[in-house]
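Asker: Here it is, the structure in full.
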Amino acid sequence: MISRRNLLAASAMGAAMTVSAAKAGSFGNPDEPPQGAINAKGPGNLSDPGPQSEVLGNQFPSAQSPPATDVGDMPTPWASFNNAPKRIQNGGWARQVTVADFAISKEISGVNMRLTAGGIRELHWHQAAEWAIMTYGTCRVTVLDAQGRPYVADVKEGDLWYFPPGAPHSLQGLGPDGCEFVICFDDGHADEFNTLLVTDWFAHTPPEILAKNFGVPAETFSRIPLHNLWIFQGTVPG
């Protein structure tokens, strides 16, 4: 037989369990508390009277008024070459986006490069693999394999190339207006401005060793550049 006291106690316990279950269900919910305009109780909450860039802000409306599920901070999931500073030299320019600019991009970095007609990206090599797509004009690519054998090819808009890690290579813009391309490295830390250049190697290697390697007199290397060339203007090959 159930007494009135037992019935009340059971009811109270059931109510407490219901409240506990409700609290347990909401605690740690990643969608709470909500964010964005849903929290605004008056027009002042949504106003932005201070200095701002409307052109840039209008491109990212969800950043200006986040959806309710965007609780707390959200990492920026994009990066643009248009915001990257160009390194400009006589013969062309380049700009890059690495993990330093785009924190989420740990396994890939990118370079946008332009070479004038005759402009040369100095012979260099790096630890990351490189593939690229031509976006404008015509370019001559030169690469050495592991046995030192050269491969030379002319590529045009829409063409691709691939250089394995450590393969020395150089690039040259052809006529009539050089070229432009986008490079991708399989390492977010890869830096186009910090590759090993042939001028670096020459400058830090004794002339007698260079002479023995190339089979020429040591005096041949008496006028090598004291600073790396990186990108420089050459003549358009025939």
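Positions of Cβ are set from backbone N, Cα and C atoms, glycine also.
From TrEMBL, for reference:
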BINDING   His124, His126, Glu130, His169  Mn(2+) binding site
COMPBIAS  55-67  compositional bias 'Polar residues'
DOMAIN    82-222  domain 'Cupin type-1'
REGION    23-83  region 'Disordered'
SIGNAL    1-21  signal peptide
Asker: Check His126 (Mn(2+) binding site) against DSSP and tell me helix, strand or coil, would you?
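Answerer: The three-state answer is coil.
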Asker: Name them in sequence order: residues not among His124, His126, Glu130, His169 whose Cβ is within 8 Å of the mean position of the Cβ atoms defining the Mn(2+) site.
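Answerer: Filtered neighbour residues, in order: Trp125, Phe163, Ala167, Pro168, Thr195.
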Asker: Could you count the residues of the domain 'Cupin type-1' (82-222) that DSSP puts in helix, in strand and in coil?
Answerer: 23 helix, 63 strand, 55 coil
Asker: With Cβ-Cβ distance below 8 Å and at least 6 positions apart along the chain, what are the contacts of His124 (Mn(2+) binding site)? List them in sequence order.
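Answerer: Listed in sequence order, they are Pro168, His169, Ser170, Thr195, Leu196, Leu197, Val198.
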Asker: What does the DSSP secondary structure composition of the compositional bias 'Polar residues' (55-67) look like, as residue counts for helix, strand and coil?
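Answerer: Residue counts in helix, strand and coil order: 7 helix, 0 strand, 6 coil.
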Asker: Which residues does Glu130 (Mn(2+) binding site) neighbour through Cβ under 8 Å, counting only same-chain ones at least six apart?
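Answerer: Spatial neighbours, sequence-distant, of Glu130 (Mn(2+) binding site): Trp161, Tyr162, Phe163, His169, Ile183, Cys184, Phe185.
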